[in-house]
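Q: Please see the structure below; I have some questions.
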Amino acid sequence: MIVRLFWLAVLWLALANANPLKRLNHVWSQRGVAKDDFLVTSLPGLSENIASDDVPLMFAGQLELYPENNTHYFFWKFSDQKKEPEAANRTIFWLNGGPGCSSMDGALMEAGPLRIGKDYKVQLNEGSWHRKGDVVFVDQPAGTGFSYSRDYDVELYQIEYHFLQFLKKYFELFPEDAHNDIVLAGESYAGQYIPYIAHGILERNKKLADGESPYHLKGLAIGNGWISPNEQSLSFVPFAVQAGLVSQKDPGWKAILQQHMKCQDLVAASHEDDTFGANSVVDKECEKVLNTILYELVDHSASQYEQCINMYDYTLRDSFPSCGMNWPPDLSNVNHFLKSDEVMSSLNLVQQISWTECSEHVGKQMKARHSKPAITLFADLLAEVEILLFHGNRDIICNYMGAESMIKKLHWGGQTGFSADSPVLKWFHGDEEAGYVKSERNLTFVNVFDASHMVPFDKPEVSSALVDILFKRFTVADDKLQTQAKKTNANQNDSPSASENDNESGRTSESASSSPSESAATETESHATRIVRLIQLAVIIILIWGLCAIYSTYRSKPTSIIKTKPSGRKKNVQWADLMPQEEPAPKGFLSKTLNKLSRTEHKYVPVDIELGPTDGMDDASSDSGPSNVGTAETPEFVIASDDEENAHEHTEEH
């Protein structure tokens, strides 16, 4: 009996300390806290379509920010294996807008090294920004793309605060990058995000805690940004006239002009009482100006898919009332790619989420009712960092004329606007005239020719040179600014669609993206994991044998081994592993474009340019004050459209 009890005690200790379920739970809870947990070594087409020395070193996954509300931000980092010296210590964080539109648009259709073909396999983007520094694409705020949380942000200062927390966690994961030069880049509604985040970084640097190091913020690069709602809203009609889209002779001119005047009156009033200018990132009446233009210019005689102007590229047509929300063409490929189980596994998703381009829930919550437009931060930012604003000249919703008007009224560095004698430089990238540039007092404005709302989509090679302009890597002579085109042995086209390019690169190993040290680390970890699993299997076998032996002994005895009290009742005895266990707690219009929340194609709704929420959105979250955080209502995130518009009021972003 004593021997049996001894072995029972041994088995119980083994169960308590080597329980495979307990071990599995521990391993799962620790997943995502080590760098190797985020390594990406395989993707469909990676070895098939991309030469080994062009395969970027990649890390991706959902990084935990706050365990208390289960907040995780998804990121995808790309590093060039053949870094140029000037790019060796630089990290570019890229954000798309919405609010609520995934930065995977930027990663797979714009500034990243990969494009997705019609076969849903990756292809090389020769104009990738990762040649200019490590590029990290971040899905934020929580609820966007592959990021998740139980709470939603409702104000821009929350975006700022939570992104600083992301940076803290990110540099803990990649301490070797903590002293890199930082660039914040993005487009559309990121024109609100980026200045706020930059402001947060600069304020943090002024009051560091013991042991903290400053973040080396060197510049901002904002493409077709929604920065000043007043000036951008008042630019729709002048831009449409200048582009030849509308004239006073058109039947719809009166309706367009009337809506423009309503917006103009609101803006004028805001200059007097500071209501609109200071406290509204998007105004409904001004949203309707672009809606009215698109509606009045519908060509009912055209085919179904060409009745409306594409608000992101006025040289293209789309169905009505989509008016650009079915663009760009690569979106369907990206959507299929990111919903693949194979891809989600390769991207190290702890919580697999069905990817959507834009989240309606995020857009509904992120109303920014108590946030000043980002333009109010520019004067202070320009005193400390370089800011580059670049605009594709074919975009309507965040057009370059609105940006130029904004700059003319902006007071910074002791004066208003660019100096009268500030030169306008023709920009040549290689032999191509790519646009024009104005630069003064830390602010650079670039108009990019033949480009849409998504400049890197249309002009990948040209767009990567914008980083060179930001860091003054160019020459100037005879009013001409010259950037160096990438040297190549073959002719390369700035094609906007990966599906049109067939890359016939040499075949490489799927693990070519990892360095030898990382491969060794992964191999060692895999070996250790196998040993642990063998030990677990042995423990399970011993446990089963022990339990069987005890049961056999119990069945063979003529009397119970449990003594009874005088009452004759047996004691209530339970084995330790059979006792109840405590269950762990389960673990408008500008709104439409800026947040393409739902892709409605046969029903007209006001344009929602991925800039913010639409008229039909719930206002409940704003009633309780600026500190409120929205609560996630559903576990599923829904896609809007490629440019980041709400389906409730069409229009914008990426």
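Note: Cβ is positioned from N, Cα and C throughout, glycine not excepted.
Annotations for this protein, taken from Swiss-Prot, read as follows:
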SIGNAL    1-18  signal peptide
TOPO_DOM  19-533  topological domain 'Lumenal'
CARBOHYD  N69  N-linked glycosylation site
CARBOHYD  N89  N-linked glycosylation site
ACT_SITE  S188  active site
ACT_SITE  D395  active site
CARBOHYD  N442  N-linked glycosylation site
ACT_SITE  H453  active site
REGION    484-526  region 'Disordered'
CARBOHYD  N503  N-linked glycosylation site
TRANSMEM  534-554  transmembrane segment
REGION    606-654  region 'Disordered'
Q: When the Cα of N69 (N-linked glycosylation site) is compared with the Cα of each of the recorded positions N89, S188, N442, H453, which one is closest?
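A: Result for N69 (N-linked glycosylation site): the nearest of the recorded positions is S188.
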Q: My understanding is the cutoff is Cβ-Cβ under 8 Å with a sequence separation of 6 or more in the same chain; which residues meet that for N442 (N-linked glycosylation site)?
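A: When sequence neighbours closer than 6 are ignored, N442 (N-linked glycosylation site) has L382, A383, V385, E386, I387, W412, G413 within Cβ distance under 8 Å.
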Q: List the recorded positions among N89, D395, H453 whose C-alpha is within 10 Å of the C-alpha of S188 (active site), in sequence order, or say none.
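A: Close recorded positions: H453.
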Q: Among N69, N89, S188, the recorded positions in question, whose Cβ has the most other Cβ atoms within 10 Å in this structure?
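A: Of N69, N89, S188, the one with the most crowded Cβ is S188.
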Q: By a simple count, how many Cβ atoms lie within 10 Å of the Cβ of D395 (active site), its own Cβ left out?
A: 29
Q: How many other Cβ atoms are found within 10 Å of the Cβ atom of H453 (active site), counting all protein chains shown?
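A: Around the Cβ of H453 (active site), 34 other Cβ atoms lie within 10 Å.
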Q: Can you give the mean pLDDT for the topological domain 'Lumenal' (19-533), rounded to a whole number?
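A: PLDDT averaged over the stretch: 89.
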Q: When DSSP states are folded down to helix, strand and coil, where does N69 (N-linked glycosylation site) land?
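A: Its secondary structure by DSSP: helix.
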